[in-house]
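Visitor: Here you go, one structure.
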C-alpha cells in the first residue's frame, strides 16, 4: 500500500507535465527566424532557464516524444534523435540547436522546453518556439538603358564641325586684322599729308625766290600798269 502511495505522486506529475506541455505548445507564440539556403542557423535556448532548470529538450513541429531532437538532463546531453528525416542538426553543450545546410524542408517550428525535474510539486515548463523560414538569394543583373534627346554624332561629323568652327574663327580674325591694317594705314597717310603740304609750300617759295620769279613778276606788273596809264592819258 505504501509503495502505491509513493508511485501515485509521480504518475500525477507525469500526467500534469504532459498536459501542461500540450497546452503550452498550443498557446505559445513563435518567434519568426529567417535562414538562408545552404547555410547554418543557430537556435538559442531561454537564458533564464539555464540557471533554474535541470531538464532541457528540443522538438521539431510540436513537443512530442517522437519529435524530440535533443535531451539534456542534469547538465548533460543524454540523447540526440537521429531518426528525424530530411534535416541535419547538432545539439551543442550549451543547449543550442544548430540546423545545418538549410533547405526548404527546414521551414518549420522548433520548440525548446525546460523544467526543474528534482523538487516538490508539479513542474512548470518554460517554453520557447522558433518559426524558421528558409530564403534563397539569387543574384540579379540589372541593365540600365539611357535614352538621349539628341541624335548620336559620329566622329567624322565632330571633326568636320570642329574644323569648320576653327576656319570660321581664323577668317574672322584675318578680316579683323586686315581692317585694322587699313585703318592704321589711313591714319598714317593722314599724318604724312599734314606735314608734307607745308613742306611743299616752303620748297615752292624757295624755288621761286631762287629763280627771281617775284622780281620778274613785279616788273611785268609795273610795265603793265605804266602802259595802262599812258593809254589813258
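Every residue gets a Cβ built from N, Cα and C, even glycine.
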Visitor: Annotation N-linked glycosylation site in Swiss-Prot: match it to one of 47, 101, please.
Guide: 101
Visitor: Quick one: which of 173-193, 194-214 does Swiss-Prot have down as transmembrane segment?
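Guide: From Swiss-Prot, the annotated transmembrane segment range turns out to be 194-214.
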Visitor: Pop the Cα-Cα gap between residue 40 (N-linked glycosylation site) and residue 94 (N-linked glycosylation site) into the table, whole Å please.
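Guide: About 17 Å separate the Cα atoms of these two residues.
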Visitor: Could you tally the C-beta atoms, other than its own, that fall within 10 angstroms of the C-beta of residue 40 (N-linked glycosylation site)?
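Guide: A count of 14.
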Visitor: Have a look around residue 94 (N-linked glycosylation site) and count the other CB atoms within 10 A of its CB, chains all included.
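Guide: Result for residue 94 (N-linked glycosylation site): 9 neighbouring Cβ atoms inside 10 Å.
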Visitor: What count of other C-beta atoms do you get within 10 angstroms of the C-beta of residue 101 (N-linked glycosylation site), across all chains shown?
Guide: 12
Visitor: If I take the alpha carbons of residue 131 (N-linked glycosylation site) and residue 101 (N-linked glycosylation site), what is the distance between them in whole Å?
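Guide: Counting only the Cα atoms, the answer is 17 Å.
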Visitor: Would you mind reading off the Cα separation of residue 40 (N-linked glycosylation site) from residue 101 (N-linked glycosylation site), to the nearest angstrom?
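Guide: Cα of residue 40 (N-linked glycosylation site) to Cα of residue 101 (N-linked glycosylation site) measures 6 Å after rounding.
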